[in-house]
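Asker: The transmembrane segment annotation in TrEMBL covers 21-41, 88-106, 118-141, 162-183, 195-219, 226-246, 274-292, 313-336, 370-397, 417-437, 443-467, 544-563 (among others).
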Amino acid sequence: MASENAYQSDIDSFRFHLIDYLVFGSMLLFSTLVGVYFGYFSKSKKSQSKSSSSTRHSDNKYDEKLRGDFGSKSMLEYLLGSRKLKSFPVAMSLVASYISGVTVLGTPAEIYNYGTQYWLIVVAIFFMAFVVAYVYLPVFCSLKVGSSYEYLELRFNSHVRSIASIMFVIDELLFLPIIIYVPALAMNQVSGMDIHLIGAIVCIICVFYTLVGGIKAVVHTDAWQIIIMFISVVVVTIIGTVHLGGPSVVFDRAMQGGRIEFLNLNPSPYERQTFWAVLIGGFCYWTSFNSVNQTMVQRYMSLPNMKKARLAIAIFTVGIICFVSVCCYAGLLIYAKYWKCDPLTSDMVKRDDQLFAIYVMETVGEWKGVAGLFIAGVFGAALSSLSVVLNSTAAVLLEDILKGCFKMRPSEKAAAIFVKVSILVLGAITMGFLFIVEKLGGILGVATSLTAIAAGTTFGIFTLGMLNPYSTSIGAIFGAISGAALSGWVSLGSQIATASGKVVAPKLPVSVEECPVGNLTGIIFPDIPEQSTVFPLYRLSYHWINPIGIITVVTVGSLVSYFTGPQRLDKVDPELISPVIHRFLPDECFPNYGISSKNMRSKENIQLNNSTSFEDDENVIQR
């Protein structure tokens, strides 16, 4: 009881000041204004400037359809920014696609509990950038796809495309509530506001500016939100470092506490963080997410050419390495602050992801506005991730589900209505799932593991298609089913084993020397249950779930393709194969270059002509 009272007293002592609320509210207001600007004023200016030349481009509707640009100029503008965006804001939006409140609050907790081995993820990110830019990106840029999953229909068939796109939608539906819930916990801790109210306010604002502003509002809002988030974390770490006496004190305490470790060469796949797990598993996960996921590819395709896209990837890589490094250092900073009084053991916080928030309030809480800036940064990450997911998922629902699965060809007006209704529905689902996440806390871990399943499986399908010219649609389908089944089995099995307490990732020891808890004092070593009786696959580090899915898809897909009749190389379209494989293709392939996309566009154009009346054509010309 005494510890609970002390905990409540500490929390009450570090609440938001009025200035903190003003800083936080300003961030939400500015996000809304950006959406309004790109939704109304920016569009109206461009429409006026282009009205005089509209009659000279009466066939734009058909030309854009032939290029796969969602079937209309308005959808091209709304979902891809007419492919005229700039590299820097797109790069910042790419950062936003991955960074969320989960990353801001979760990465420091990972370092605090398990040490700096995870910090080597920056090496994996560095190599990921080259693979994405030179292996996968050239294929998408050549095809000018609107949805990354459109490639799968060109390379295999519509069934493979449907499998991947449906997995993507389910994946994002599971991820949406996590984006809002974790930062809402932080806001609840520093303000006392109801979690559902916080989530509803932020979700409504994000849906609004995504709805009215499209990809331009998303990209430009993401850019400044990511900058605010980075500044807020840097400011907190600088102030915290100064308070402790400098970086030397931070690293000295971390060294004494056993937190500094970069070369854990233990080959065991059961240990949570090892040199091999972080580099191999981290590389696979980051590459699978950044190379073929629609949330990323849609931003690559919003740029005018491959050179700009590669520049955006380079800026994104530098930015993400810097940000992840700052978050990792923040984990050491938190440990140095609480190295003699663990907040979890002393009940100052109840969850790992509250460590950074309580640290901020205790360290800079008396600096009015700084805590507000930090929480604004955390929510900026949530807003940016949410807007990216909403926009990309709406694009997949239109291009891959409505058009790909159901073979529907909506008019320009119907497509616009469908996309915007999809965004509204996704926003409503996000708010509804907040109640489920709160009541079923284990769903956070389950949903996070499921995202690894989807990422590994879909990346495996794309890799099979782009790097194995012999692969067939039958092989891709069997590979996808096998990869999803195996990685899903491992992931869900490990989640169940963890929830039941049979599998526990051993945390590093902590101290309560300066805040004795009951009969506990000094160094606290975690209790580790006997795990040898647990099925081996359930004990694997989470880093290996993604590689398992990728390897299974590629291996099974290649074998099934071989035994059921491999693809004839003289029938392969080299445009659908990564340029790094072109040197191994026979010369008779290259006369087929581009034939797949041309045939598909021709079919879509015929369908569009059959569904468009002469009066519609006249209206297009007049407009």
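Note that Cβ sites are derived from N, Cα and C of the backbone, with glycine treated the same way.
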Asker: Is it true that the transmembrane segment (544-563) and the transmembrane segment (274-292) have 3 or more Cβ pairs under 8 Å, skipping pairs fewer than 6 apart in sequence?
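Answerer: Result for the transmembrane segment (544-563) with the transmembrane segment (274-292) is yes.
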Asker: So if I exclude everything within five residues of the ends of the transmembrane segment (370-397), which remaining residues of that chain have a CB under 8 angstroms from its CBs? That is, six or more out.
Answerer: 14, 16-17, 19-24, 26-28, 31, 70, 79, 93, 96-101, 103-105, 146-147, 149, 165, 168-169, 172-173, 175-176, 179-180, 182-183, 186-187, 190, 202-203, 205-207, 209-210, 214-215, 217-218, 221-222, 225-226, 228-233, 235-236, 239, 294-295, 298, 357, 360-361, 364, 418-420, 422-423, 426-427, 430
Asker: With Cβ distances under 8 Å as the criterion, find the stretch in 118-141, 195-219, 313-336, 417-437 that has the most pairs with the transmembrane segment (226-246).
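Answerer: The stretch with the most close Cβ contacts to the transmembrane segment (226-246) is 313-336.
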Asker: Where else in the chain does the transmembrane segment (417-437) make close Cβ contacts, counting only residues six or more beyond its ends and a cut-off under 8 Å?
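Answerer: Same-chain contacts beyond the ends: 75, 78-79, 173, 176-181, 184, 195-196, 199-200, 203-204, 206-207, 210-211, 386, 389-391, 393-395, 397-398, 402, 410, 443-444.
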Asker: Should anything in the same chain at least six residues away from the transmembrane segment (162-183) have a Cβ under 8 Å from its Cβ atoms, list it; otherwise answer none.
Answerer: 100-102, 104-106, 147, 149, 152, 195, 199, 202-203, 293-295, 353, 375, 378-379, 381-382, 385-386, 389, 392-393, 396-397, 400-401, 404-405, 426, 429-431, 433-434, 436-438, 444, 447-448, 450-451, 453-455, 457-458, 461, 477, 480, 484
